[in-house]
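Here's the structure, in structure tokens; my notes come after.
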Amino acid sequence: MISQLLFAIVLIGAILLFYKNAYKIYQNIRLGKSVNRFDNPSERFKTMLLVAFGQQKMFKRPIPALLHLFVYVGFCIINIEMIEIIIDGLFDTHRVLSFLGDFYNFLIASFEILAFAVLLSCVIFFIRRNVLKLKRLNQPELNNWPRSDANYILITEILLMTAFLIMNAADQKLQVVLPESYHIAGSFPISQYLIGILPESINSLIFIERLAWWFHILGVLAFLNYLPISKHLHIILAFPNTYFSNLNLKGKFENMESVTAEVKAMLDPSLPPPSGDVSRFGVKDVHDLTWKNLLDAYTCTECGRCTSACPANITGKLLSPRKIIMDTRDRVEEVGKNININKTFVDDGKSLLDSYVTREEIWACTSCNACVEQCPVNINPLEIIMGLRQYAIMEESQAPASINNMLGNLENNGAPWKYSQADRANWTQM
Amino acid sequence: MENNLYIPTAAELVAKGETPEILFWVGCAGSFDERAQRITRDICKILQHVGIKYAILGTEESCTGDPAKRAGNEFVFQMQAMMNIQVLDGYEIKKIVTACPHCFNTIKNEYPSLGGNYEVIHHTQLIQSLIDDGKLKPNDGNEFKGKKITYHDPCYLGRANEVYEAPRKVLETLDADLVELKRCKSNGLCCGAGGAQMFKEPESGNKDINVERIEDVIESKAAIVAAACPFCMTMLRDGIKVKDKEQDIQVLDIAEITVRANGL
């Protein structure tokens, strides 16, 4: 009875805490400007099914894609077992779903095989990250917290799967030695090999079975509450983020409507000059980004596929698209805390541009869309880079001198070089 | 043939009471860059050979505004765009072929919301459709037969607009030994010129992007790398110079390859 009550309290507490932190993230995302990503629901749903559910873009790199698929499928399927664990916990039943008979045995057997696949994949991931030291998993923007975050996730998953398998092993042994309390249920293709390492004493077995059971469920609930501060949040946000993807061709950059009104007035003096509040041109801080840019930032799991395909990063420049996204998340978290404390945003003397992202980074981009193409969850770092450039140029006139020369030429003679427009067709006379 | 090239402007056609079937948007590089000018003339040769009634804007053409937009100056971009749209609409242009993927992308994707609506194709798409229609056919003994040729995807043609097949289909008609670069199609590596980089020095790093790209070309052992963008052309040629491979690797535009293979 006490354990049932305790379980109910922990379960409800964990869910409430998660809701509270998830709501904070929702509010932070809402700080972004509006952008219409609600059109064309069927196309959006299809994109989500292919890219998030179907892991389509992961398979640009087959080995990690396969390992990730095990963890992903394992995670989704093994969580079905959570239904039983929660019912057992609340009503003091034991393997309540076992009335399903053969189908139950099939389920438990699949969970075990998947649990083993998850465990193995996570061990390989851990080795890739910490022993083989793959470049994209060891770049400077991952120093400190991001590196620990990644390892905590892998270690937690390894421990959770181990607990799950040990729980099953202990249960199996109890089904034999104490059949009056532990009725025969389940099929255990993996954990049968663990029976040998368990003690013979019934009390120890019960203790181990309970310990593993509690460890597994508490671990899962703790993990749920770890998500909001972790890159692992992608397991949830990958779905909305791909649903709200940009459906246009990658080459199409949106035109700024506020500029269109002014340019039209300049070209045609009979038009009235645009009135109303002139918003800031471009992006200086996270408020100037769209909510989708901010959703991107929270969805990023820092895999670095973007950075490893970035021509600037490959050739040793400072720019890393992954860092742009991580900086955006760090900054919006900081702004969100600021608002929570002060009720409204109080200038902290910082901004995304300069305090987080340097000019050198934004000017190294070739706008080649490689980062956008590679992202397995359709994050767009390029849009943020372009926004920062727009602010630097249009609000501050701060650009590399050669860029200013090019713009001057464009305005004066309609070409990026210093050639007269009158000479434009000279090539026809060659 | 050189001397017989007749390159009409839209103004000249209109003066004769005619309208062009298709407008050839030359672009700044195609107009001013000496290497790109040769490609421009080759595209004219193809258009003339197949008898398409085309025109250029001549001195009325102006930069699409792409480098301004990618540098972040939306004002200069939209000024350029709206002035160009006025000129194009003045000649009632409906269809445009461009020699530059940057012009192609900008007119096709970014002019419509500013009021410029045209059917825009890249010259590799035009050449492919001419081959499909039987209007162009490489000579049996063309100089590319059996040669090892690779293709570098321009970002603004490939990833940006998903045109991967047209240039490849043109090359497939040559009976050449085609090889792909290790980073190709949607995974293609930029030449380093996009996003207004063409007009500035690169940020400090340990290598130039075009050198990184040329290493892919060298690894492919191709004798010819086909390009489809004047900026890629410049970057790839510079990369080849840095690697001292001018004797071994040639950079040719798809239009140049077509002209030579067809003996135009």
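Yeah, the Cβs are placed from backbone N, Cα and C, and that goes for glycine too.
The feature transmembrane segment is assigned by TrEMBL to A:6-23 (among others).
Feature annotation from TrEMBL assigns transmembrane segment to A:65-91 (among others).
Counting residues 6+ beyond its ends, the transmembrane segment (A:103-127) has Cβ neighbours under 8 Å at 64, 67-68, 70-71, 73-75, 77-78, 80-81, 95, 97, 151, 154-155, 157-158, 161-162, 164-165, 168, 185-191 in the same chain. Annotated transmembrane segment per TrEMBL: A:103-127 (among others), in sequence order.
Per TrEMBL, transmembrane segment is recorded for A:152-170 (among others).
Under 8 Å from some Cβ of the transmembrane segment (A:182-199) lie the Cβ atoms of residues 94-95, 98, 104-106, 108-109, 112-113, 115-116, 165-166, 168-175, 205, 208, all in the same chain and six or more residues away from its ends. Residues or ranges marked as transmembrane segment by TrEMBL: A:182-199 (among others).
The transmembrane segment annotation in TrEMBL covers A:211-229 (among others).
Summarising the annotation, TrEMBL assigns domain '4Fe-4S ferredoxin-type' to A:291-321 (among others). Within the domain '4Fe-4S ferredoxin-type' (A:291-321), the DSSP-based counts of helix, strand and coil residues read 19 helix, 0 strand, 12 coil.
If you take every residue in the domain '4Fe-4S ferredoxin-type' (A:354-385) and average the pLDDT, you get 97. The feature domain '4Fe-4S ferredoxin-type' is assigned by TrEMBL to A:354-385 (among others).
Outside the transmembrane segment (A:152-170), and at least 6 residues removed from its termini, the chain residues within Cβ reach (under 8 Å) are 71, 74, 78, 81, 108, 111-112, 115-116, 118-119, 122-123, 125-126, 129, 186, 188, 190-192, 194-195, 197-198, 205-206, 208-209, 212-213, 215-216, 219-220, 223, 226, 230-232.
Across the range of the domain '4Fe-4S ferredoxin-type' (A:354-385), the DSSP-based residue counts are 18 helix, 1 strand, 13 coil.
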